[in-house]
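Below is one structure, written out as structure tokens; the observations come after it.
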Amino acid sequence: MFSRNVARQASSIARRGFASSARAERKVAVLGAGGGIGQPMSLLLKADPLVTSLSLYDVRGAPGVAADVSHVNTASEVKGFEKDDIKSALTGAEIVVIPAGVPRKPGMTRDDLFNTNASIVQTLAEACAEYCPKAFICIISNPVNSTVPIFAEVYKNKGVYDEKRIFGVTTLDVVRSSKFLAEIKGVDPKDVKVTVVGGHSGVTIVPLLSQTPQGKDVTGEQYKALVKRIQFGGDEVVQAKAGAGSATLSMGFAGARFTNSLIRALNGEKGVIEPTFVKSPVYASEGVEYFATNVELGPNGAEKILPIGEVSAEEEELLKACIAELPKNIKKGVEFVKSA
Ligand code: NAI
């Protein structure tokens with residue numbers, strides 16, 4: 001059942017969602033490819049005609065995943081690497097997608113993962129700085145609000161930092177917003193685009209429902225419930241999985257979608273815009289160094305950081321709560337590297 005659904009999803013993505021433009025050699029490395037997110041995401045990347053080469057790395061299990069995925073009859077080649085062979089995995093990679101690390105269990109917040117995942121992300125950043133310093137980095141490992149600053153600090157220390165090339169993947173919040181709002185309105189989610197700004201955990205996730213035609217008339221208790229569901233949608237999955245992990249399949253989908261957008265932009269397609277958590281001027285004057293907004297992607301990565309735009313009174317309040325929390329998460333990441 002699982003494999004049938006993924007195959008159907010993969011082929012439908014290949015047909016519709018992941019439209020192709022110019023052909024170019026695009027090597028994508030996945031770090032953490034053996035995990036709950038890594039496996040379905042690798043499958044979806046294999047189904048994406050824009051990915052020409054896939055390099056799957058994990059401390060364990062990636063060669064098996066690579067062997068399996070490599071039988072899918074699309075043109076890209078797939079190689080698997082494990083343990084100390086990260087150099088071979090990263091050499092020549094243009095895009096590195098990182099879902100390595102431990103996921104949440106019921107009752108945990110994303111910040112509870114900090115101690116374990118901070119060291120993993122730091123180690124992987126050191127390897128990327130050495131073996132593919134110009135690659136575009138898409139960080140999925142939580143807490144994203146802290147792991148993105150960790151990655152950036154390692155790159156600064158190594159003298160290879162380019163703020164346009166490091167992205168925190170917040171696409172799952174965008175995907176959830178679209179789906180949950182579409183459910184309320186009884187419409188097809190493909191027609192519902194919601195911009196989500198801020199960060200990627202709890203109250204730092206700020207959906208700008210007032211900016212979408214389907215969202216602007218959602219009010220009162222229904223509005224509050226929808227915002228809460230978007231902010232804490234991950235908890236629904238963690239609870240339903242009852243100790244067996246957090247969102248993996250929907251995250252695999254979201255990670256593959258973000259990667260596809262990035263490749264389309266690298267290939268020269270104009271107007272590719274995705275919300276993503278990046279080094280940002282939007283709230284820099286208030287001490288918030290990183291912030292997710294709509295970002296126009298291009299051949300250099302984060303080409304243009306777009307403004308938040310007009311927001312409702314409710315969204316102003318959500319942004320206040322976000323801004324009160326986010327700098328603490330960012331500081332924690334920065335200090336982790338500085339104190340090491
Ligand atoms: P998982 O435990 O199923 O897989 C993680 C994989 O990382 C494992 O295969 C493990 O061997 C590997 N790994 C650990 N240390 C590594 C290292 N140093 N190098 C390479 N691989 C390493 O976990 P899952 O469910 O795939 O989640 C991964 C991360 O993604 C978690 O931190 C989770 O919180 C996060 N996540 C992020 C989301 C987002 O929206 N950004 C959504 C859902 C999860």
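Each residue, glycine too, has its Cβ placed from N, Cα and C.
The annotation domain 'Lactate/malate dehydrogenase N-terminal' is assigned in TrEMBL to 27-168.
If you look up TrEMBL, you'll see Gly32, Ala33, Gly34, Gly35, Gly36, Ile37, Gly38, Asp58, Asn117, Ile140, Ser141, Asn142, Met251 marked as NAD(+) binding site. When other Cβ atoms within 10 Å of the Cβ of Gly38 (NAD(+) binding site) are tallied across all protein chains shown, the result is 28. Under the three-state DSSP scheme, Gly38 (NAD(+) binding site) falls in the helix class.
Long-range Cβ contacts of Asn142 (substrate binding site) within its own chain (separation 6+, distance under 8 Å): Gly101, Pro103, Arg104, Arg110, Leu113, Asn117, His200, Ser201. The substrate binding site annotation in TrEMBL covers Arg104, Arg110, Asn142, Arg176.
According to TrEMBL, the feature domain 'Lactate/malate dehydrogenase C-terminal' maps to 170-337.
The Cβ neighbour count for His200 (active site, proton acceptor), using a 10 Å radius and every protein chain shown, is 28. Feature annotation from TrEMBL assigns active site, proton acceptor to His200.
Cα-Cα distance from Ser141 (NAD(+) binding site) to Arg176 (substrate binding site): 18 Å (rounded to the nearest whole number).
Among the binding-site residues Gly32, Asn117, Arg176, Met251, the residues whose Cβ sits under 6 Å from any atom of ligand 1 are Gly32, Asn117, Met251.
When DSSP labels each residue, the domain 'Lactate/malate dehydrogenase N-terminal' (27-168) comes out as 63 helix, 28 strand, 51 coil, counted as helix, strand and coil in that order. The maximal spread of the NAD(+) binding site, taken as the longest Cα to Cα distance among Gly32, Ala33, Gly34, Gly35, Gly36, Ile37, Gly38, Asp58, Asn117, Ile140, Ser141, Asn142, Met251, is 18 Å.
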